[in-house]
Amino acid sequence: MRVLIKNGTVVNADGQAKQDLLIESGIVRQLGNNISPQLPYEEIDATGCYVFPGGVDVHTHFNIDVGIARSCDDFFTGTRAAVCGGTTTIIDHMGFGPNGCRLRHQLEVYRGYAAHKAVIDYSFHGVIQHINHAILDEIPMMVEEGLSSFKLYLTYQYKLNDDEVLQALRRLHESGALTTVHPENDAAIASKRAEFIAAGLTAPRYHALSRPLECEAEAIARMINLAQIAGNAPLYIVHLSNGLGLDYLRLARANHQPVWVETCPQYLLLDERSYDTEDGMKFILSPPLRNIREQDKLWCGISDGAIDVVATDHCTFSMAQRLQISKGDFSRCPNGLPGVENRMQLLFSSGVMTGRITPERFVELTSAMPARLFGLWPQKGLLAPGSDGDVVIIDPRQSQQIQHRHLHDNADYSPWEGFTCQGAIVRTLSRGETIFCDGTFTGKAGRGRFLRRKPFVPPVL
């Protein structure tokens, strides 16, 4: 199958040009002008549009069981929503397994979840929920099997202590894997939460007050120092929500430490005032939404290159689940927001169309750097001969208002309801096949492929 995309502006992280793009058998074969492919071929007119590499979202939680609830998006509805929003690859953070389980236990479970449902290509981050010799010995074997990143938690049920973190950092570094971490100070959060609950303060706003930015920033600083102690182990901070943590990361980067960081659209565009609305439970996630001052600091990091990746942390619990389980108590509410369908459009509208970032920087944040950090480059995150034919076409002339009834996830609400975006996703191709066009999804469950990722190689800092 041949596809010729004509008359668009093709954008990669290192530049853009008005040129045509030829995809054959799912692979980019040629870029340039006056391309004359062999018949037959499909021609797509991208006049006036940007032609970007398909998005790579390296932080989703599909089909996750958090003990009190299971998220309402599985690998079909989640990847369907992703591709309708211009994302053609996801790397899912697997949930915790049973107490004492092997490291690969969850990989086997999650490959079963995704195998016959994923619409687009996918991989997983390993999850380290306890440390012993057997777990450490499994790490290099899993890297050989194509899992080159693993997640640690400093909070929740399976949080690691500093000694366990050091052991994990060392073995992951030795094995060619990247350590990712959810950084929040669990003891400080538990103390604040208990204080509020004892006083009967259980409204949504106390979720944010129980997890102040200092809890996140302290844990970021601690992880940076532990990574240095562990032999300058590479480190990736997930879902950054505040400027103080970013300051610590800037300092580490200035000292040439291999650290990288992602943020999410919710921390750039939503703020803590959402907790005081009638539907405040809709916005329970961790870290919580911050104030507008913190948003501004994150936008500075987006603009000046201090932030490397924009992902989503898509973790969908319906409003019905939230209300039934929480019964008005923030501490009982399952955490997470939907957003995998909105990431590309929101960042394009609020970033590119406002002049905060260039189209090239948009590519770097949404596909190129995620692919480089997580062992998918140059197969993903790039439009060049030999790369996969993963493409998203965005028309900057179109304006759209986000309405949940038009979205493709399995939630019953959107935190972005009513947001007006300048720029519309008009077509998404996965390996050369159009599976979203002008509002219509045409993909099929099970067409996505598991991606064996290469061992971690640090991009130049």
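Using N, Cα and C of the backbone, Cβ positions are placed for all residues, glycine too.
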Among Lys151, Lys159, Lys192, find me the residue Swiss-Prot lists at the same divalent metal cation 1 site as His59, His61, Asp313.
Lys151
So Swiss-Prot lists Lys151, His182 for divalent metal cation 2; which of His105, His116, His207, His239 goes with them?
His239
Looking at substrate binding as recorded in Swiss-Prot, which candidate out of Asn232, Asn335, Asn342 goes with Tyr156, Ser286?
Asn335
Out of Tyr156, His182, His239, Ser286, Asn335, point to the one nearest His59 (divalent metal cation 1 binding site) in space (Cα versus Cα); all of them are binding-site residues in the record.
His239
Near Asp313 (divalent metal cation 1 binding site), meaning Cα within 10 Å, which of Tyr156, His182, His239 (binding-site residues)?
His239
For His61 (divalent metal cation 1 binding site), nearby residues of its own chain (Cβ under 8 Å, 6 or more apart in sequence):
Ser71, Asp92, His93, Gly95, Asp313, His314, Cys315, Gly336
Listed substrate-binding residues Tyr156, Ser286, Asn335 - what's their greatest C-alpha to C-alpha distance in Å?
11
Row His59 (divalent metal cation 1 binding site), column other C-beta within 10 angstroms, all chains, value 25
Looking at the binding-site residues Ser286, Asn335, which one has the fewest other Cβ atoms within 10 Å of its own Cβ?
Asn335
